[in-house]
């Protein structure tokens, strides 16, 4: 055992397991990402994993209404939106090794069984599934990280999460207590009728973990209001956690990017380093504090209309919302995002007229396409700044072909296979694809920008790399392309071989940029994406040009928003 410990201390990375209790959607992703940022700020290299209990191999085929956004990594893996938080907060590069689901784990085990890997043995949850999960934990060590944070989805007590929790329990035993830290995120609700906070749900949640052999080292308590010390002491006593390791995580009012600062005040990172027997290096202050100040005390204000198909759930466009906030910080502005259902816009075009800028995000299927095209036409004709993303770019091409060139039946073959002007068509390599999951054009691809394009000015480069998630592209038919360009639609970016059109723009327009890729996936608070900063800057200028002073929101507005 002593030899194993010595070996671990030399080469073994440290693991932090983050679990959740009482209710779902507590913010494990934000908490995990914030902790990763704090540890990184103290000089440690971090890597992050998300383990989801659902049986889909990945979330790529799931409805946005059920799952929210599908976040795409550079290496082309479709993942949970929490990986977006990891990349935005901690600045880590997530990969396929960052995302595991029960479906992926079971699929791997069953494939091995079919190949005879288990030599006729009876395949069971323990040890085969749990061993596969532990292999997933170990795969993260290839990143070379000092500390690996593993967020386990679901709620303690759910049957779906049990294999992951059991694997984590075994893993601690195998690598040593000094190399692991268990953090349990729980809810301390406030009952208005009783006028008090309740700790009992958290006690029961920890009891669920203890029943399966997991004893949390740190308890992080989500709450609407300050938790009195006597309540924290009570939780420490009944949950068998050191008093200094019961951490309050109160709701932040203005910006989610204030969470790392609040957790730092509670010394969460120090408690973790103590548990992992790691040195407490001086924290390296970055521009994070100034970013939070810009987010909470903006000088200017503008409104961006987001014309989408899935606006009923904000998480469906999570990275888009965040990228707009990053762009707002870069422009010292508060960005009010007005979500407009594309189908409603078809019935009531006036919905968009108060916007200083327009954003058309991605999506699939024909529903709402006419509404998106109506928004694009309004932006084009009235010189309103516009950014189109993925389907948004395709709609920009369709609208231009219909309303400028007069090709009234111009369309995508996704929506109309019989159109005589298929300006958007299925990519050649997609035409023989029959399965849905994981078969799109996914991940980072290089793009060459036209030297004289506005896009090149925004990026300050003619060579870029962006993440994709689509099957359809601008039709490479030379006649279509020639006519569209002749009419004024500039091809601003293509694949390096020039065959795939990745960006289009209008020259005689204050800001009209459309891209086939998803720039929102690469935007960071510390490195906002140029296409979004350009949109917000143009929107502020548009507001000023229209005689509306782009000043900061009034105190009354701020209070209303806070509620």
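One is the number of the first residue shown, and numbering goes on along the chain from there.
Even glycines carry a Cβ here, placed using N, Cα and C.
Swiss-Prot has this to say about the protein:
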REGION    1-278  region 'Amidoligase domain'
BINDING   24, 198, 199, 200, 201, 202, 203, 234  UTP binding site
BINDING   24, 158, 159, 160, 198, 199, 200, 201, 202, 203, 234  CTP binding site
BINDING   25, 26, 27, 28, 29, 30, 82, 250, 251, 252  ATP binding site
BINDING   65, 363, 391, 392, 393, 394, 414, 471  L-glutamine binding site
BINDING   82, 151  Mg(2+) binding site
DOMAIN    303-545  domain 'Glutamine amidotransferase type-1'
REGION    542-563  region 'Disordered'
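Long-range neighbours of residue 24 (UTP binding site) (same chain, six or more residues apart, CB within less than 8 Å of its CB): 154, 155.
Listed in sequence order, the binding-site residues from 25, 151, 159 having a Cα within 10 Å of the Cα of residue 394 (L-glutamine binding site) amount to none.
Among the binding-site residues 25, 159, 363, 392, 393, the residue whose Cα lies closest in space to that of residue 199 (UTP binding site) is 25. Cα of residue 393 (L-glutamine binding site) to Cα of residue 203 (UTP binding site): a distance of 51 Å. Proximity to residue 198 (UTP binding site), defined by a C-alpha to C-alpha distance within 10 angstroms, is shown by none of the binding-site residues 27, 29, 65, 82, 414. For the binding-site residues 25, 202, the greatest number of Cβ atoms within 10 Å around a candidate Cβ is found at 202. Of the recorded residues, residue 65 (L-glutamine binding site) and residue 159 (CTP binding site) place their C-alpha atoms 23 Å from one another. When the binding-site residues 199, 203, 394 are compared by the number of other CB atoms within 10 angstroms of each CB, 203 has the fewest.
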